[in-house]
Amino acid sequence: MSSKCLKFISGAQEGKVLDCVVVGAGFAGLTATKELIERGYDVALVEARDRVGGRVVSATLSGGEVIDLGGQWVAPSHDRMLELVKDAGLELIPANPGMLTLVQHGEIRNVAQSDSDDDARTPFAVADLGQGLMRLRRLAERAGQDDVWAEANAVWLDQSIDRWIVSNLRTPTGRRDIRAAMKAVFESPLDKISLRQALGKVREGIDMENLIAANGDIGQARVRGGLAQLPERMAAEIGDRLRYRFVVEHIEQDEDHVVVHPMFGEPLEARTVILALPPWLAIRIRVTPPLADWREGAVRKVGAGNVIKCYLVYERPWWRDKGLSGQMSADEGAVRVTFDCTDDPDGRGVLMGFFEGAEASMLAKFSRSMRERVFKDMLVDVFGPQAAHPLEYIDIDWAAEEFTRGSHGAHFAPGVWNVTGAELGVPCGRIYFAGAEYASKFNGYMEGAVRSAHETAQSVIVRINEKTA
């Protein structure tokens, strides 16, 4: 190491220089680490928790059923995730068939999954909705393919998706339906989501028509035995290169090296570092020299989704007797979506839901028993009196998790994604970034995390080889 580097970097163990330190053992960190190890590089993966998986964690209920408290759904278009599941020999459980329950303006209707739901709309409202969806798809395609047009219309694309909906749909029903579809994708208020980010979701293949019927391509299947099996198996392959309870508080870098300082213990020295953390966690790490001002300003505008994921367990899945799927979509209320997460049709029934956004913030202040009551009362209103007698309740407040501080993914406020959001994944010296929030495709999904990690690992390999060739 040069004398310049010796003066700059302090506290590292002398002699041992890794090729890369990866910070964060979620899907992004695990994927990047595995790819670098497989290519023969010397890597350390560090994790602040005492487990891997990040926002993916499973729990076992009193009856032995395994549920996912975090990331759960794998969609048909998630090629990388499906490949990981297949390689691990894990089984996917498809969504339960049956009628969907729609709650709109207090009216409860059960519709077949194949129904278009058009009987509730006037011909004028149907035409208005169809034109709105067509405009969204065309805009998404143009914004993704025509960079010159997107740059020329940057200010217009920076408006909120809610403002666009008001300006482009003429009927209350059309506005309601597109808003409901967007709310199923984003946990944050629609006036905080830019049109550009919404178009990005449409371009990724989100089926708006199916979302409106509460049967979209977001949660098609889940892993039997819990998705957490997947990161645990990846961690087993990484072995002793993985260090737990390694809380990074400071990173130093110069032209040739980085030193990663934990809150407790010895620092690690490497040629590169990958921060496989969501932006709102990565910014908590002090960096010397400081990163560019624009980056810090942009990251501070990137908010995490606020979610409390909750489950109620019943003696049996009684809703199936009524021909219901257990899947519900509502336009208002503390819980606006539910899913059937029953493993054994002859065993105990499990319904899952989300408290999101403002409702999650409010209910986080109350006891778990109060949240159970709110969820139970909602299910009674929607599915009937049989919902009043659950055997068990469990939830997790992701905003309260110290090393998560929110879920599922980030939302980019108007003024962030089109100006600097795409640049959040650009390396800063020898500091690289990977994760769901940095993905150019499937942003906010586990699929995006895996794809982002693959791209970042390739960039790190190029950087390492520049100095070792």
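Glycine is no exception: its Cβ is also placed from the backbone N, Cα and C atoms.
Now, the feature entries from TrEMBL:
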BINDING   Glu47, Ala48, Val248, Glu437  FAD binding site
BINDING   Phe354  substrate binding site
DOMAIN    27-461  domain 'Amine oxidase'
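Annotation for the binding-site residues Ala48, Val248: lowest Cβ count within 10 Å of the residue's own Cβ, Ala48. Counting only the Cα atoms, the space from Phe354 (substrate binding site) to Ala48 (FAD binding site) is about 26 angstrom. The Cβ of Glu437 (FAD binding site) has 28 neighbouring Cβ atoms from other residues within 10 Å, across all protein chains displayed. Sequence-distant neighbours of Glu47 (FAD binding site): residues of the same chain at least 6 apart with a C-beta under 8 Å from its C-beta are Gly24, Ala25, Gly29, Leu242, Arg243, Tyr244, Arg245, Phe246.
When the record's FAD-binding residues Glu47, Ala48, Val248, Glu437 are compared pairwise by CA position, the greatest distance found is 20 Å. Secondary structure from DSSP puts the residue listed as 'substrate binding site' in a beta strand. Look at Val248 (FAD binding site): DSSP puts it in a strand.
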